[in-house]
Every structure is written in structure tokens, then in C-alpha cells.
Amino acid sequence: MNEKVGPKKWKSENLPGGQWNLPKLWLLTVVCFEFLAWHGVDCWTYHYSAKTLPWENARRFCRKYYTDLVAIQNKGEIAYLEKTIPHSKSYYWIGIRKIGGAWTWVGTNKSLSKEAENWGDGEPNNKKTKEDCVEIYINRTTDSGKWNDDSCQKPKRALCYTASCRALTCSGHGECVEVINNYTCNCNPGFFGPQCQYVVQCEPPLVPMLGAMNCSHPLGNFSFRSECAFSCLAGTVLTGSEVTTCGATGNWSTPTPTCEGMPATTLVPQETALYLTSSATYSPQPRGSTASLLGGTTNVTNDFILDLANGMHCDEVRAPERGSVNCLHALGNFSIHTKCTFNCSDPSTLVGASVIFCGELGRWTAPAPTCEEAVWPGGKNSAHRRHTINTAE
């Protein structure tokens, strides 16, 4: 087996029968050791074969035991290799070859840019034709660290690397960029941190008084891509955008809307917002305690609810003559959202709306109905012929 050693110690072994054991070197991790101890991650390290191989075989060797043939990214990397890789008269294959007439990084399948070229003097020259692969001169008297094109069939040592970047190195929210003994994450919009592990958050939006807000949080509460939809109670009109989204910069896409047509349009923080619908129910609590509305959507103070109910209510309704009324008080006696249902005794007929609500402006949605005695031809009242007039709710 291989072991990591200092830059001046190299290990390679031949097995009986000319077979090769799992790679013939471990090296170049002097800085990496300290990095591992403190950060607990893999490092980008270099390895080479002791045996010389044609380019294709060299690449297979690197991909089997490591990541791939080395892809030179900058002059600092070349200087590092010059300090740590020993000279070999055959030199080393790297991860560039000619594909479709263009020099190409095989690991990324991207063409070699002019700025990244590092050819030796007079290279590439295709001197013997079919010089479609690239070697690097390490510790050579002339052109050391430079590249040369050569026949892919020539045997040379494979210069490999092990990448520190993995599929989830940047938490799936950024691009991992390899650097010597380390890596850098270029985070996607909306994410930050050394591994792009944090998501940008927005301030919880304000909710219009007596309005409702329903939010979805795919990445965390009030974070990037969170979406909040607003609505207003019956009798009010929403002014502004119905939907707002938390953006990559930590700002909402639109301002908080308001519900017009109320006595007050004061915005209140989410933790004290009143979420109500026509079906909301409220069980009175001791003053100073908290109550939960709409299945625990949010908590509001009992004092706040009572003060609100005391300030907005409708006139008391009474049972009509020859009839009855049953009222459901959402926030208090005849307060907003009180629902009253009327019925008439046989053989009376209900005239008006059978159900009325106390609106946000302190007005009933319809006048209280009456129970009129039905008179049928022949002067007789008939219970089984009783009907309701104008009972639209």
C-alpha cells in the first residue's frame, strides 16, 4: 500500500510478475496535513506512476486510482510541481491532448486558451507528426516547467492529481474551484459561507392589519426563494402586490401591501399580526394570556384581540317576532366576524337574509330579517306549504 511522505521521500513498488500495486507514490501533502487537521476535508494532491506508460494508459492509471491527469491551472501550480516532483528523463504526461485539431483539457473537454498556454521554446512543433499529446518538463535544464507536444504512444510517467472538490463540496449551491492543497467555493446567488452552506435571509414581512399572509419556505424560514402571498378580509381591498419573494440580496421583491377600507391600515409585525377569516373562531382567555388563531398559524396577545374587538362591533340584533336567532361571536359579543343565523317558527315565513355577518366597518352585511305570517288562499296557514323569501346569504 502507499503512504504519504515528505517531498523528498518517494515510494514505488513492483509486484511479482510485473504487475503494479495501487499507485506508486504518495506525496506533496506537507501543507495539506495541517489543513486536514483543522478543517477535516480532503486536499488537492499530486501523484505519479513509477512506471512509464503511453498517454492513454497513463490517463487510465490516474482515473482508476486518483482523479485524472493533472490539469495545470496557473504558474503557481507549476512552481509547486517543480519543487516537489523529482526529475525523470522520460518526463510526465499531463491532461492535454489534441482533439479535432484543437488542444483540449481532457478533464473538462474545454479548449486550451491562449492565456493558459505554457509551451516550451518552438513548441508545439508536431516534429514527428501525430504529436497529439502533451508532456511537462520537470526540473529540466532548459524550458523547465514548460510543455512539449509528443507522440501519445511514447512511454512517460503519469502525473495525476486527487481533487478535493466533490459533488457536495459546496453544498450543491456553488462552483468548486481547485487550488493547491485547498479549494474555493464560488457561491450561487442567494448563498454564502466557505462551503456555500448558508442561505441569505430576508426580514419577516409585515402583515396588513386584519389581513392574512401565507408563506412557503423551500430553503428555510423567510430565506432566499421564500414566497409570501397576502389577502384581505371581507369588506377590504388589497392594495399592492399579492405575492412577494425573498431575493438573493436579502430583499423582498415588492413592498408589503395594505388592506384599504379599514379604520386603520397600520402594519404590525408578524408575531402580533391578526390572521382572521370568516370562519375563524376564538375562545376567550384571561387578559394578558395568548391565543392561537387559525390552527396555530400565529400567536397574538389576548389583550390585542380584546382591544380590537371592543373598538369594532355591530349593533346587537334580536330574534324577530315569531322567530329565533343564533349568533356565533368570533371575538366577542357582536364584534367583527360575528355570524347570526335566523329561523322562523311555523307557519311564519322568513323575509330577508337568513345569515348575516358583522363586517370590519362595524356594519351588518344585511338588515335583520323578519318573520311574516304566511296567508294562503282560503284564509288558512299551511305549515307544509311554508317557504322562505329572499334568503340569499
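Quick reminder: no glycine exception, Cβ is built from N, Cα and C everywhere.
No curator has checked TrEMBL annotations; they are predicted automatically.
These numbers come from a predicted model, not from an experiment.
Feature annotations, reproduced from TrEMBL:
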DOMAIN    39-161  domain 'C-type lectin'
DOMAIN    161-197  domain 'EGF-like'
DISULFID  CYS187-CYS196  disulfide bond
DOMAIN    200-261  domain 'Sushi'
DISULFID  CYS232-CYS259  disulfide bond
DOMAIN    312-373  domain 'Sushi'
DISULFID  CYS344-CYS371  disulfide bond
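Cβ neighbour count for CYS344 (disulfide bond) (all protein chains, 10 Å cutoff from its Cβ): 24. The DSSP breakdown of the domain 'C-type lectin' (39-161) into helical (H, G, I), extended (E, B) and coil residues amounts to 22 helix, 40 strand, 61 coil. The average pLDDT the prediction assigns to the domain 'Sushi' (312-373) is 86.
Cα to Cα, CYS344 (disulfide bond) and CYS232 (disulfide bond) are separated by 34 Å. Across the domain 'Sushi' (200-261), DSSP helix (H, G, I), strand (E, B) and coil residues number 0 helix, 27 strand, 35 coil.
There are 21 other CB atoms within 10 A of the CB of CYS196 (disulfide bond), with all protein chains counted.
Residues in the domain 'Sushi' (312-373) partition by DSSP class (helix H, G, I; strand E, B; coil) as 0 helix, 27 strand, 35 coil. Of all the disulfide-bonded residues in the record (CYS187, CYS196, CYS371), the one with the smallest CA separation from CYS232 (disulfide bond) is CYS371.
Using CA atoms as reference points, the disulfide-bonded residues CYS187, CYS196, CYS259 were checked against CYS371 (disulfide bond), and the closest is CYS259. Burial estimate for the disulfide-bonded residues (CYS187, CYS259): highest at CYS259, by number of other CB atoms within 10 Å.
CYS187 (disulfide bond) and CYS259 (disulfide bond) have their C-alpha atoms 39 Å apart, to the nearest angstrom.
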